[in-house]
Each structure stands twice: as structure tokens, then as C-alpha cells.
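Engineer: Quick one: structure below, then a few questions.
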Amino acid sequence: MDNSFDILDIKAREVIDSRGNPTVEVEVLTAGGYGSAIVPSGASTGTHEAVELRDKSQRFGGKGVLVAVDNVNSIIAPELIGFDSRTQREIDTYMIELDRTANKGKLGANAILAVSMAVAKAAASTASLPLYKYIGGCNSYIMPVPMMNVINGGEHAGNALEFQEFMIMPVGADSISEAIRMCAETYHTLKKVIVSKYGKNASNVGDEGGFAPPVSDIRETLDLLTDAVKMAGYEDEITFALDCAASEFYNKDDNKYIVKGAPLSSDQLISLYKEICDEYPVISIEDPLDEEDFEGFASLTKELKGVQIVGDDLFVTNTERLKKGIEMGAGNALLLKVNQIGTLSESIDAANLAFRNGYGVVVSHRSGESEDNTIADISVALNAGQIKTGAPARGERTAKYNQLIRIEEEIGYPKYAGKNIRCPF
């Protein structure tokens with residue numbers, strides 16, 4: 001009997017993320033390997049996300065995670081010692097049962113997820129396999145198209161833009177390494193465009209490494225992207241994507257969206273999206289409406305047939321909410337954030353449900369990130385075809401891109417998803 005996969009030790013600690021806020025790191029030791037994981041944290045979060053447990057004490061302005069760390073060390077770890085690290089679903093289910101809440105609010109999704117990811121990495125290490133191959137097997141070979149957030153707004157920046165992310169997608173590249181190069185060159189060109197129009201101080205960056213120029217107009221922002229792409233020479237290779245995070249500028253009291261100070265109805269906002277997609281090469285829109293507006297999402301999906309409509313706050317990587325969306329035709333793609341649901345197994349379940357119903361999958365980071373590059377491996381393991389992990393700047397973002405370059409080199413003959421983002425096969 002092979003005991004090398006048996007879990008010998010689990011240890012959690014408090015570390016800091018890219019915003020200087022505390023988060024949970026977990027190390028798992030097996031008889032034959034080792035894995036560690038750091039969980040991310042979001043700024044604009046969906047109401048239905050699993051609970052990120054915070055101490056709410058004076059330390060770190062109430063954002064400490066010592067309670068979550070103690071939950072790992074005192075409650076979860078003693079229960080999992082001796083488990084076979086390959087039994088990922090059994091381990092994840094066991095932790096969910098230990099928590100006994102619908103939203104992981106007792107132990108904390110940040111505690112549970114850190115253990116879940118570290119267990120997978122320890123098992124992969126014990127098997128002498130890269131994580132993407134351990135999770136996905138020999139059929140994991142598709143490299144995702146990056147959605148690079150090069151202009152930040154909303155909750156991620158200090159400017160007046162309502163929309164949270166303006167992204168570039170190099171669908172015309174031939175490989176992930178070429179895609180990253182195209183985006184990096186465009187990013188540097190964009191900086192020159194911004195500095196020439198607004199001055200050097202306008203080149204400051206937001207949480208995800210994108211620039212945060214002093215603009216408030218959506219079209220003006222898209223014009224900046226258009227100019228940068230043209231100047232970089234990639235007009236035929238690079239398209240645009242938006243993350244509107246509409247729940248953040250939705251006024252529930254009067255059922256209006258506040259855009260540049262003007263109240264817009266759902267229908268008026270949908271008309272704005274149609275105009276933008278006619279005027280610019282926008283191929284993907286994330287969270288265009290409020291997180292509870294399944295009907296509005298369904299209407300927009302019908303109106304913009306050639307555009308990917310991504311549910312983030314709408315679905316929160318939750319299979320029950322995704323099932324509702326599928327039944328109603330709300331959106332046609334899932335944004336997969338592992339910390340929204342809290343375990344690796346449940347994240348994979350959500351991705352598989354999306355794939356089975358013709359939905360695309362975008363594996364995503366959070367605005368509060370770390371050097372952990374697990375999501376790069378997950379994107380390849382699932383053959384997702386798309387990854388969203390910020391600008392080609394800041395170490396917590398480039399860690400994921402550099403891991404994708406390594407994976408591409410290791411696979412040898414990968415397929416780059418390119419224009420087939422929702423169905424990369």
C-alpha cells in the first residue's frame with residue numbers, strides 16, 4: 001500500500017496580499033510531497049459569495065484573519081491528518097461538513113479554500129506531476145487567451161470611471177507567449193498615449209496593474225485603447241473586453257444605474273452596451289447588470305448574440321445560481337473565482353456545468369492577489385480557453401503569466417484558444 005500521499009501535517013499562517021491586507025496561507029505536508037497556497041480577496045464582491053472570515057478587531061483595521069488561521073490549525077488540520085491527499089472531493093466535502101453552514105461562514109471560505117488548494121498541490125508534488133496535469137490529466141493542453149486589464153476604474157481605482165475594467169484580448173496571437181508579448185507592448189504604448197494626453201501623473205496604476213487616468217467617459221477610455229492598439233500594430237489581433245461590475249453603480253432604491261451622474265434604466269444601459277459594441281471591437285462584457293437581474297442578463301444575451309456575456313456577481317461560481325442562469329438564458333459564460341465558492345472541487349463542478357451547457361469559462365484572479373499562481377494551472381487543467389489576471393505588471397499578476405509561459409513550454413505542442421474563446425476545442 002502506497003502511504004506517500006497520506007497527509008502528515010497542515011499549517012496555516014497570516015500573510016499579506018497585494019493590497020497589504022491579511023490573507024491565509026496554508027502548507028500541507030504528505031509523506032512524499034509538499035504544497036502551499038495563498039487565498040486571494042476581492043474588492044467588489046457579490047452578495048452571494050462564500051464568507052471570507054475576518055477578525056473585525058483593531059489589528060489591520062479589522063481585516064485580520066487570525067480566526068481563520070486558527071480554524072485551520074485547531075479544527076481542520078487535526079481532522080485531515082492521515083487522509084489520502086488524492087481524495088480531493090472527499091477532503092473538500094469533509095471540510096464543508098465540518099463548517100455546517102451554507103456559505104462557509106463558520107470556518108471561513110478563506111480557511112477552507114487555502115487547505116483545498118494546498119492539498120491538491122501537495123498531491124501533485126507527491127505524484128511528481130505539475131498541478132495542471134494532476135488536475136486535468138493528459139488532455140489538458142489548451143492555453144487560455146488572457147484578458148488583460150489595462151485601464152482600471154470602479155472599486156479598483158481612484159478615478160471617476162463607473163466601469164471597473166477595460167481589457168485587451170489578443171485573440172489573433174498564435175501562442176500564450178506571443179499573446180503576453182502583444183499585450184505588454186500595447187500596455188507600454190498605452191502608457192505613452194495616456195502621458196501625452198493627461199500628463200505623467202496620469203500613468204499611476206490601480207489594484208490590478210492597469211492605468212487609472214483621470215477620465216470618466218467610457219468612450220474616451222475605449223478611444224485610448226484603440227489608439228494604443230493601433231500604435232502598437234495589433235489592430236487585427238487584439239479585441240476588447242469590459243468588466244462593468246454594474247452592481248457597484250446600481251441604485252436599488254430607484255432601480256437605476258448611475259453612469260456619469262445620469263440615472264439609466266436597465267433598457268437604457270442595454271442600449272448603451274449595444275452602441276459600444278457597434279463602435280468598438282468589444283467581444284466580452286462581464287457583469288453588465290445588477291447581480292440579481294437574471295431577466296436583464298437574458299435580454300442582453302439575446303440582443304448581443306455575437307458578444308460573450310459573463311456572469312461574475314451573477315453566478316459567484318455557484319452551481320445553483322448558474323443552473324438558474326442556464327435555464328433563463330442569462331449570460332453565456334461563467335467567471336470562475338475559486339474563493340467565491342471556497343473549494344477546488346466545487347469550482348471544477350461549476351466549470352463542468354458551464355461547459356456541458358455551452359457556456360464559456362473565464363478563470364479569474366481577484367483584485368487582492370499574491371504570488372500564488374494556482375489559477376494559471378487551473379485554467380490549463382480545465383481547458384478553459386480564457387484567463388483574467390490583470391495587467392502585465394505587478395508581481396502578483398505577472399506570476400500567473402510567467403507560469404503560463406512555463407506550462408506552454410512544458411506541454412510542447414499546446415493549442416492556443418485564439419478566437420474560439422468560449423469553445424476552445
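Cβ atoms are placed via backbone N, Cα and C, with glycine included.
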Engineer: Given that Swiss-Prot lists E286, D312 as binding Mg(2+), which residue among D243, D253, D254, D349 does it place in the same site?
Structural biologist: D243
Engineer: Going by the (2R)-2-phosphoglycerate site in Swiss-Prot, where K337, R366, S367, K388 are listed, which of the candidates Q164, Q268, Q403 is also part of it?
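Structural biologist: Only hit among Q164, Q268, Q403 in Swiss-Prot's (2R)-2-phosphoglycerate site, alongside K337, R366, S367, K388: Q164.
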Engineer: Do you see any of the recorded positions Q164, E208, K337, R366, S367 whose C-alpha is within 10 Å of D243 (Mg(2+) binding site), and which ones?
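Structural biologist: If one measures from the Cα of D243 (Mg(2+) binding site), the recorded positions that come within 10 Å are Q164.
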Engineer: Within its own chain, what residues at least 6 apart in sequence put their Cβ under 8 Å from the Cβ of K388 ((2R)-2-phosphoglycerate binding site), listed in sequence order?
Structural biologist: P146, M147, N149, M167, D243, L335, V362, V363, S364, H365
Engineer: Of all the binding-site residues given, namely E286, D312, K337, S367, which is spatially nearest to E208 (active site, proton donor) at the Cα level?
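Structural biologist: Nearest listed residue in space: S367.
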Engineer: For the binding-site residues Q164, S367, which Cβ has the most other Cβ atoms within 10 Å, all shown protein chains included?
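Structural biologist: The residue with the most neighbouring Cβ atoms within 10 Å is Q164.
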Engineer: Relative to the Cβ of E286 (Mg(2+) binding site), which residues of the same chain, six or more apart in sequence, are found under 8 Å away?
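Structural biologist: Non-local contacts for E286 (Mg(2+) binding site): E165, A241, L242, D243, C244, A245, V310, G311, D312, L335, V362.
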Engineer: For the recorded Mg(2+) site, whose residues are D243, E286, D312, find every other residue on that chain with a C-beta no more than 8 angstroms from the centre of their C-beta atoms, and list them by sequence position.
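Structural biologist: Result: Q164, E165, L242, C244, A245, I285, D287, V310, D313, L335, S364, K388.
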